[in-house]
Amino acid sequence: MCIVYFPPDGPKTMSVSVTPSGPVFDGAMVNLTCSSNGNPPVSSFTWYSVKGDQATQLGVGTRLETSVSAEVHQFYCEGRNDHGGQNSTLIEVVVQYPPRNTSVSVNSSGPVLKGSSVTLTCISDANPPVSSYNWYSVDESETRSVIGVEQMYTVANVNGNTQYFCIAKNRHGSDNSTTLQLDIQYPPRNTSVSVSPSDSVLEDNSVTLTCSSDANPPVTSYRWYSVREGKEDYVASGQKIIQATMNVIDGREYYCKAQNHHGEDQSATTNASVEFAPQISSSSRCLHSRSQVSCTCDSHANPAPLVQWRLSGRHVNHSTATAIREEPLGRIGLRSTLTIRQSQEDTPTALCLSSNSQGSASLQLCVTSTGYQMLSLLVGAGAGAAGMLLLCVVTCVIARRLHAKTTWDLKPEDITELILTDWTLSQEEDSLYASKSTLTGHPRANGANGKGTRGVNPDLHGPQPTDPPGGLHYKPPPIGPLNSDHVPLQHSSLDTTTTRIEG
């Protein structure tokens, strides 16, 4: 019998085996076995798990049953005898598990400006690796919508109201990421002014105005302005809240501007509801026509006024004889119209009364007759027309008199025997007379028939170019009245023919 003797030495050829040998699911139990050669034989075995660079003792013995996980799946054993110790190689158990630690990463490390694009990536730890991804968006109403199926998703136009998350899957399960709210920055928006107290305030009382705006980053500067009759005035800056005195007569409205480093936004104008007693406009009046009296009363007040009418001291209601109609005038005005159906002889005194919780006002209205006004207009127009007509007649008379002048070119001895009658505007006939003795010795005076008509004067002619305008070049001296010694030379209607008689 032969005995082989090994010199004393520490453990050698350390090895570890695992059962089952294939992949196991997360949390499964495995059996670990450690073996070694040594002389003398290994007297002790110690088991360790490794996580990162940290080793943790699990137990002793050649065999160890332990659970494995994604975090704890690496092991080794240490063998010792009287001459020393030695560690085995590291053995790794393949552990499979569903996706875990799923998250969304953004390609931009800083804030994202509204309207820009951003790329999102779904990250998950899984074994086997993730086989599918799903992207979801969540709106303000918490409604989920599938928007992508790849590991990366690009949002083309980001806004501040949408959130995102992803789901990673493999054959062992799935995992959801947390919801991502992008840090989207934008200039101020939805800027508004609130008034406190929100109810109506008395005139000339102070109210608090607050400027509110949605912005990211938050608003860094506020500016206040007032507007009156289209004119804008600067009020204050840097303050989110200001105090203002409300006055309905002043009529100022206020607005604010909110600003951050991305831009600014302006609110609409606002004003408190100012309560004041009624004010009746001076434009209120009554008109009296032939068959009715119509009165209008314009009143402004807040709260809305109640308008009443009185005629000759008596309260008036809507009826067949008196009709009352109301219509609004803007936000704080009311027009009341009273129509009285009666004869023109009746002229009652109308009184308008306007009242609300802040006070009352009244105005007695004067009645103006529209018939008398029309008569005055007609009389004035008639007088003007008559004056123009008279002026035209006078001008016409003068023009005709100037045009009707007759030019005479007679011998001196014949002139004293001629009479030219006046030219009349009524188109009466004009007559030209000469004494019989003057006509004696003028053969052509009697013509062919021997009668003194206009046909016997072949030398008739009109005014000469050398005559003065519109007049006779010779004015005969006045003669006595007509008698039987005179005979007519010319008798015509509106005839401006000039007769020349030669001796």
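Using N, Cα and C of the backbone, Cβ positions are placed for all residues, glycine too.
Taken from TrEMBL as is:
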type     : residues : note
DOMAIN   : 11-96    : domain 'Ig-like'
DOMAIN   : 99-185   : domain 'Ig-like'
DOMAIN   : 188-275  : domain 'Ig-like'
DOMAIN   : 278-368  : domain 'Ig-like'
TRANSMEM : 374-399  : transmembrane segment
REGION   : 435-503  : region 'Disordered'
COMPBIAS : 490-503  : compositional bias 'Polar residues'
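With DSSP states grouped into helix (H, G, I), strand (E, B) and coil, the domain 'Ig-like' (188-275) comes out at 0 helix, 57 strand, 31 coil. Across all of the domain 'Ig-like' (188-275), the predicted model scores a mean pLDDT of 85. Under DSSP, residues within the domain 'Ig-like' (278-368) fall into helix, strand and coil as 0 helix, 60 strand, 31 coil. For the domain 'Ig-like' (99-185), residue counts in helix, strand and coil come to 0 helix, 52 strand, 35 coil, using DSSP.
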